[in-house]
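Visitor: From Swiss-Prot, here are the annotated features:
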type	residues	note
BINDING	G24, G25, G26, G27, N28, G111, T112, G113, E142, R146, D190	GTP binding site
COMPBIAS	412-425	compositional bias 'Low complexity'
REGION	391-425	region 'Disordered'
REGION	510-583	region 'Disordered'
Amino acid sequence: MTIQLQKPDITELKPRITVFGVGGGGGNAVNNMITVGLQGVDFVVANTDAQALTMTKADRVIQLGVNVTEGLGAGSQPEVGRAAAEECIDEIIDHLNGTHMCFVTAGMGGGTGTGAAPVVAQAARNKGILTVGVVTKPFHFEGGRRMRLAEQGIEELQKSVDTLIVIPNQNLFRIANDKTTFADAFAMADQVLYSGVACITDLMVKEGLINLDFADVRSVMREMARPMMGTGEASGPARAMQAAEAAIANPLLDETSMKGAQGLLISITGGRDLTLFEVDEAATRIREEVDPDANIILGATFDEALEGLIRVSVVATGIDRVAGIGEQNIAEMRAAAAKPLIRPSAAVAPAPAAVQPAHAVSQAPKTVDQIAQTIRSAEAEMERELGFAAHQQPSQDFRPQSKLFASSPAEAPAALRPAQPVQQAAPAPVAQAPVYHAPEQVAVPAPRMQQAQAPVYQEPAPVGRQPEPVRMPKVEDFPPVVKAEMDHRDRATPVAQEERGPMGLLKRITNSLGRREEEEVPSDMMDAPSMAPQRRAPLSPEASLYAPRRGQLDDHGRATPSSSSHHDDDQLEIPAFLRRQSN
């Protein structure tokens, strides 16, 4: 009896990486990576367009939405693409079985990529697969609607992946020129995806002095939001520094930087001529850009095809956490800087000005508030003594005119002196001038407003109001009764000027004849005009103020007739030869 010994089958334990292309943009990225010859990766393409699936180079394809779209595409509607992916969710999960790391690539802004990519990523995440999203944003010339759909799809995909890399197609203009073809430009965008995948696969698959396992990669990229990914190649004396600089500055990524990164994965690949100093120089340059406490994982491998060249690939993660803290600090600094700017504007407005003293009381000592209160009260007293009376005079109807035409100018200060008790005690103005009691009561809150606004308007001192305490009245300021009297005086002015001139011979004769006719008028006719002034006197209570200026003139500015004076004038002014002729 013979015993046959057979070696047991050993299951190969190695990480399995899958690149899942969704939609038209994801399928094109997979085709470019297959053309370049990326090894150690499985490719899967899913699309709602049956015609696009026939042109793919991948061996594993998924027709999304057989019942929803019937192979005609999503029509740039993300809802249709999402429904198509949910219809084939079981087939998607089957292709993800046994995968340790999945790259989900798509072009955002369309229907299938925008709607189906989050579904595929969520399915991979639910199975515990390290999920990395690599998506592109549309060009600006594709319109605002497509850009808005892309932004919404990126926000939805961010919730379902561990790490998300966004490549705006508009950034292709940074590296393209007028001779760059359209296909070559998209190949440059796919190079970002290729470099990221190759960076990880080379460290785990290829021969090297410093090899990494998949657990190291997972510790760097798990739950790290948006990363920064770049690759640089250089040759010559300073090739290590040049390659590191090119890897740090990736012009295609969406305005990201390695500043403050929490996780860093560095892959340095070169020929057999790679030296220790070059590795140290490249790694040190990259380490200067990240956080001092960052988790840095370094790998160095050899590639016979890179004789004379050096390739440096970098994957930096955890950038959004530091950026969020930096934005918060910037917001706090802006808020702190904006506080002193609010106080001057609040001092000008009446409402915030009342709040500002309360804020000052909580910060300043009480002695400062007492001094400020004393200064404000003193300024308010000066305002009331010097300027308040002059401001309140135009609001009254006739009192300024009575002060202006008063007989003695020394009475003006006496009239101003009662202004102080009028503002403080209410009964005083009632006893002196009951007619103007209402305007003076309304004007009482005015000093309070001046006290609230006194700290703001300190420049115009009250001394400037002393040269002109009383304003010259205008015709419009007079009441209707005085306006009528002024009109009559203007009309009677030429007549009065003629009578005041030197009297000629004919004027004296006519005056003497007119005066004799006036003496013969009956007493009833003479009493009628004399009664008119007596009846009109009560209508103008201020008429007595004009009495010193009128003298012997009537309301029309003419001299009042007198019988005795007329007779004396006849006897004195008429020559003797005229009296003989008249006799």
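Any Cβ shown, glycine's included, is placed from N, Cα and C.
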Visitor: Please work out which residue of E142, D190 has the most C-beta neighbours within 10 angstroms of its C-beta, and give that one of the binding-site residues.
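Guide: Result of the Cβ crowding comparison: D190.
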Visitor: At its widest, how many Å does the recorded GTP site span between Cα atoms of G24, G25, G26, G27, N28, G111, T112, G113, E142, R146, D190?
Guide: 20
Visitor: Please list, in sequence order, the residues in the chain of G26 (GTP binding site) that are at least six apart in sequence and whose C-beta is under 8 Å away from its C-beta.
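Guide: When sequence neighbours closer than 6 are ignored, G26 (GTP binding site) has F20, V45, A46, N47, V104, T105, A106, G107, G113, A117 within Cβ distance under 8 Å.
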Visitor: Taking the Cβ of N28 (GTP binding site) as the reference point, list residues of the same chain whose Cβ is under 8 angstroms away and which are at least six residues distant in sequence.
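Guide: Non-local contacts for N28 (GTP binding site): G21, G107, F186, D190.
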Visitor: Which residues of the same chain, at least 6 positions away in sequence, have a Cβ lying under 8 Å from the Cβ of G24 (GTP binding site)?
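Guide: Listed in sequence order: N47, D49, A52, G107, G110, T112, G113.
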